[in-house]
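**Student:** The structure follows.
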Amino acid sequence: MAWLRLQPLTSAFLHFGLVTFVLFLNGLRAEAGDLRDVPSAGQNNESCSGSSDCKEGVILPIWYPENPSLGDKIARVIVYFVALIYMFLGVSIIADRFMASIEVITSQEREVTIKKPNGETSTTTIRVWNETVSNLTLMALGSSAPEILLSLIEVCGHGFIAGDLGPSTIVGSAAFNMFIIIGICVYVIPDGETRKIKHLRVFFVTAAWSVFAYIWLYMILAVFSPGVVQVWEGLLTLFFFPVCVLLAWVADKRLLFYKYMHKRYRTDKHRGIIIETEGEHPKGIEMDGKMMNSHFLDGNLIPLEGKEVDESRREMIRILKDLKQKHPEKDLDQLVEMANYYALSHQQKSRAFYRIQATRMMTGAGNILKKHAAEQAKKTASMSEVHTDEPEDFASKVFFDPCSYQCLENCGAVLLTVVRKGGDISKTMYVDYKTEDGSANAGADYEFTEGTVVLKPGETQKEFSVGIIDDDIFEEDEHFFVRLSNVRVEEEQLEEGMTPAILNSLPLPRAVLASPCVATVTILDDDHAGIFTFECDTIHVSESIGVMEVKVLRTSGARGTVIVPFRTVEGTAKGGGEDFEDTYGELEFKNDETVKTIRVKIVDEEEYERQENFFIALGEPKWMERGISALLLSPEVTDRKLTMEEEEAKRIAEMGKPVLGEHPKLEVIIEESYEFKSTVDKLIKKTNLALVVGTHSWRDQFMEAITVSAAGDEEEDESGEERLPSCFDYVMHFLTVFWKVLFACVPPTEYCHGWACFVVSILIIGMLTAIIGDLASHFGCTIGLKDSVTAVVFVAFGTSVPDTFASKAAALQDVYADASIGNVTGSNAVNVFLGIGLAWSVAAIYWAMQGQEFHVSAGTLAFSVTLFTIFAFVCLSVLLYRRRPHLGGELGGPRGCKLATTWLFVSLWLLYVLFATLEAYCYIKGF
């Protein structure tokens, strides 16, 4: 691993070794030019040797004098080289802002309605941007913006004449990405572990296009119109970009012929190459009121987007459960923060995130995730410490507490409580009350009452009574109302020296009636044994309730002792401790007792969505009366003839017998915990990486720019705690603080959904890229290097270093290999179609309007393209072979296989650079 951590440094030494070797050969050729064959007519000495005559740059002028002494030349080389490195750092930092804006843009969401298999619908949010489309468009543009813009600026800045720097940088960068980056990713995986590409169809499409892109370059340079790029060739090259994106999207969505490929396929077992399909076949989803992609598999309708949402929820629930088991002493807020950091660390991340993370860790800006976790912890702590004082309220609120009362018919009177809350309790307050008929009538069931409640200074509540009239008639429970009105406060008396004007300027104590200002009194008949019932026929409970309590009411009488049996009955929810604990027993209602409670334990399964039911059933009530009523209702008395007096007494006894009421069976529906569900939803929103990498204000950006933070590694710990910055962090921070402060002026990503930052960043990248192109050209001509060699050796390396670190982090942290190597092929294709296609289209159109042709030298570029294409076939073949069962995936595997693959890829890159350099200096015959 130590070699790996020094990989960029090692690669740099290899570069300098190659440069030294080339310069040495160039010197030998200059001294012994007579030993070589005379160049052909189409190949003069100037084209074979690096020109020492520097040309005017797009932005930078020529450094005069043009023929300096050896000492001045060395000084110029050092200045140009240091300036190149510093400009590469600047481009990396502004590209950090650029990629952050892309992450915010591609993270935009919209609401969709998803149909579940049971026909129900639910509303959720999905990303507007398809992952494959964003990777091939904005993500590829973000990671390859310097190469693409360099090609365009070089052509436009030099009078629409083709140059070697831009195209050679694109090809050289493609070689570095394909061989060095993939080689590093293969090696960094721990021994015995593997990573394989998940979206294999998309990888095949982008890999095919990346190889085709360079074959196409050779065709237009050496076959269709050698040395000339026609308008149609440039436009067609540019047009291949949307075609590539479209086909990759089709493969990702399984459209066209892909929709018939429902099953998993594998090749002949003797060959051993396993090709897997990812995910399930997309089903119906209703989006914006219309059904889209409604394909069916096995008769089930399960939307792909819905499945992805469910998977993310299940993963979040699993994380919360695991953390709760590991840290039972933590409260919910602490668990949420830990789960947030864990989910952010382990979720699949975009290419943009890894690029941003790599740049910030290189420049002393710290680990994004740990900084985010620390900020969230500080925010939570500060919120818990801040207590907002409620504004003083001069108005006293007067109301009933409670607002519902129950009493037996023989109670004599019922007491009602009036409460005042808030305001100045040192004042005397008055409030009137009056009874109103409901189903109970004044004079027959209760005594009409009205009056005034006086709350003296310091009193916050007061009681008053209403008389209840008793009778011996069986009747239903009845109710009446008591209403409050005309609340007022005793007026302030004028003190000595106080005028009415001064008194009016003071905040007067006020009083208002608050809800509930009407109380309901229910009179329970005491002449009947009672009707026993639940309050309703259905009740919804949260699975996190623990023990649910259900009331059984005794209405229309409460005379005597009654036993009511009860038991739980299974529905879709199962008893025996699986979903609830089986419960059964008897409730004993004593004389005048009107309410009993049944308790049932609910098992908390911590599910995001849950809806299961069971029932609680009441049995026939048993009257424990031992008087004449029980005797007349006994079977022995029923068999003999009764007298008229006994018949009347039996009829009255039958009327007073306890019975079941309207709701003898209660359905209990167990639902998900609303608190748990909201916690999961909140966590899913908080794990949006756009919130982590994005910025909300210029203040945040400037504070971040001047703050040095520790880099660290995700794999070091899972706590999310920040470490102290190292010496390297401080050095890199002070080296790059100028760029950080300068680029803090870029609009925050929150503005215009990231588009403002996107536009400003790409303009700055274009300007810096133009300067890099001039510096690289002047550096090359100062030491006698051709632009094509400078591009392959220096510029391609400088623009690819952040991608190297990003891919290494992605390979280690992601479960799949898509983010680390899957984007390499797509990025290589996009570089050609956008970088070269756009530049050559503009130049070809310009010269066509002038009535001339756009000339491009086919020699060096065609040779480099051909060489890269051959080596790319070898690289892709090896990656495909590594999917064999005994290796398991493109990355990692047994140590011996890892080393062999890595050395093969590094060797391919070294050979590419060597052959391209030798061809550029005519040691190898090109095309």
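Backbone N, Cα and C atoms are what each Cβ position is placed from, and that goes for glycine too.
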**Student:** Quickly, which of Asn45, Asn130 does Swiss-Prot have down as N-linked glycosylation site? Just give the residue.
**Tutor:** Asn45
**Student:** Look up Asn135, Asn823 in Swiss-Prot and give me whichever carries the note N-linked glycosylation site.
**Tutor:** Asn823
**Student:** Per the topological domain annotation in Swiss-Prot, are Gly227 and Gly754 located on the same side of the membrane?
**Tutor:** yes
**Student:** Which residue range, 253-272, 453-472, 553-572, 653-672, is the one Swiss-Prot calls region 'Putative calmodulin-binding region'?
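**Tutor:** So the range that Swiss-Prot calls region 'Putative calmodulin-binding region' is 253-272.
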**Student:** Select the most exposed residue of Asp445, Asp471, Glu543, Glu672, where exposure means the fewest other Cβ atoms within 10 Å, treating these as the binding-site residues.
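**Tutor:** Comparing Cβ neighbour counts within 10 Å for the binding-site residues Asp445, Asp471, Glu543, Glu672 gives Asp471.
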**Student:** By DSSP, how many residues in the repeat 'Alpha-2' (796-832) are helix, how many strand, and how many coil?
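**Tutor:** Here the numbers are 33 helix, 0 strand, 4 coil.
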**Student:** Could you check which of the binding-site residues (Asp445, Glu543, Glu672) sits closest to Asp471 (Ca(2+) 3 binding site), going Cα to Cα?
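**Tutor:** In terms of Cα distance, Asp471 (Ca(2+) 3 binding site) lies closest to Asp445.
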**Student:** Express the distance between the Cα positions of Asp445 (Ca(2+) 1 binding site) and Glu672 (Ca(2+) 5 binding site) as a whole number of Å.
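**Tutor:** Pair distance, Cα basis, whole Å: 46 Å.
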**Student:** Validating a neighbour-count step here. Other CB atoms within 10 A of the CB of Glu409 (Ca(2+) 3 binding site): how many?
**Tutor:** 23
**Student:** By Cβ distance under 8 Å, which residues at least 6 away from the ends of the transmembrane segment (203-223) in the same chain are close to it?
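**Tutor:** Contacts with the transmembrane segment (203-223): 136, 171, 174, 197, 229-230, 233, 237, 240, 244, 247-248, 251, 818, 822, 825-826, 828-829, 832-833, 836, 856, 858, 861-862, 865-866, 868-869, 872-873, 876, 927.
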**Student:** Are there residues at least 6 beyond the ends of the repeat 'Alpha-1' (140-180) whose Cβ is under 8 Å from a Cβ of it, and what are they?
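**Tutor:** Same-chain contacts beyond the flanks: 11, 57-58, 91, 95, 98-99, 102, 210, 214, 229, 351-352, 355, 762, 765-766, 768-770, 772-773, 776-777, 786-793, 795-797, 799-800, 803-804, 806, 823-828, 830-832, 834-836, 838-840, 842-843, 846-847, 854-857, 860-861, 864-865, 868, 871-872, 875, 905-906, 908-909, 912-913, 916.
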**Student:** Please count the residues of the repeat 'Alpha-1' (140-180) that DSSP assigns to helix (H, G, I), strand (E, B) and coil.
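**Tutor:** Split by secondary structure, the repeat 'Alpha-1' (140-180) comes out as 34 helix, 0 strand, 7 coil.
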**Student:** On the three-state reduction of DSSP, what should I expect for Glu543 (Ca(2+) 5 binding site)?
**Tutor:** helix
